[in-house]
Amino acid sequence: MNHSLKPWNTFGIDHNAQHIVCAEDEQQLLNAWQHATAEGQPVLILGEGSNVLFLEDYRGTVIINRIKGIEIHDEPDAWYLHVGAGENWHRLVKYTLQEGMPGLENLALIPGCIGSSPIQNIGAYGVELQRVCAYVDCVELATGKQVRLTAKECRFGYRDSIFKHEYQDRFAIVAVGLRLPKEWQPVLTYGDLTRLDPSTVTPQQVFDAVCHMRTTKLPDPKVNGNAGSFFKNPVVSAETANALLAQFPTAPHYPQVDGSVKLAAGWLIDQCQLKGTQIGGAAVHRQQALVLINEHDAKSEDVVQLAHHVRQKVGEKFNVWLEPEVRFIGASGEVSAVETIS
């Protein structure tokens, strides 16, 4: 076990894997998976490692998905993009804007690559991937059979999809299809975006505002390792939300279509005065309470203990129990993040 995973996870946690393989096409990915499986090893497929926390050394092969390529089909009503799973997400957002194909600007600066975007149904500032996803192309690892799932078949939810359930270990995402309508409609429901005028705003202005909000609030993983938002924004019943709002009338809350209410995890953590709290080398970020950072050579145990502490404090004060958005990886694969920090 001497292949360091530190360069392959944005948290910068130093654990090792038995083997690390970069796959630049589907065949290389299948070969690496089949070789490791024949040896009886667990296999983990990673993009840019921007949403994982390695808890210990990984007893198997980590495959880095670097399948590239962008194809564009110009239709009368929309642009259709077919994008390789290994393409960087933010670079794609910039590229589509430069080419005059707006629609992804709210999702600027989300770390990671295209292949990870459907797994989490990534989202920010009022837009989720499902809004623009046309399909996801996968390969069944055991057989090499190609499968195309429509957006509906992906069963997208809040930071959720079929790729976290039935398709988790049996399939690898090789490409994502996006549909960007030519009739652009700005989404200006969050943060500084609410100050923009919907009748005159341009996609570039939305992009600039999102980049400004993210760079001023969020730490750069190159300076302080992190995995972006550590916790999901909790979705609670209207009853729970009303009880909380009776006590804390200023709490940010976002009613959902199904009658539930989404709360702001960052606000809940902030109300517990946890910004700057440190355990070992891990800390709650001082500008954005939703982000846990590797401040100084943090061990994975430091991050787990800090996450547990934050969850307990918020639970005791608000009776709302936060769940990590980050995926926890043990020696032979993903483990329950909630159980790990409970």
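Even glycines carry a Cβ here, placed using N, Cα and C.
Listed features, source Swiss-Prot:
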type	residues	note
DOMAIN	13-183	domain 'FAD-binding PCMH-type'
ACT_SITE	ARG159	active site
BINDING	TYR190	substrate binding site
ACT_SITE	SER229	active site, proton donor
ACT_SITE	GLU325	active site
Distance from the residue listed as 'active site, proton donor' back to the residue listed as 'substrate binding site', taken between C-alpha atoms, in Å: 16
Alpha-carbon spacing, GLU325 (active site) to the residue listed as 'active site, proton donor', which is rounded to whole Å: 7
Between ARG159 (active site) and SER229 (active site, proton donor), the C-alpha gap once rounded to whole angstrom: 11
Per-region confidence, the domain 'FAD-binding PCMH-type' (13-183) (mean pLDDT, whole number): 97
Three-state secondary structure, SER229 (active site, proton donor) (per DSSP): strand
Neighbour count (Cβ, 10 Å) for the residue listed as 'substrate binding site': 16
Same chain, 6+ residues apart, C-beta under 8 Å of the C-beta of the residue listed as 'active site, proton donor', given in sequence order: ALA265, GLY266, LEU290, VAL291, GLU325
Local backbone state of GLU325 (active site), from DSSP in three classes: coil
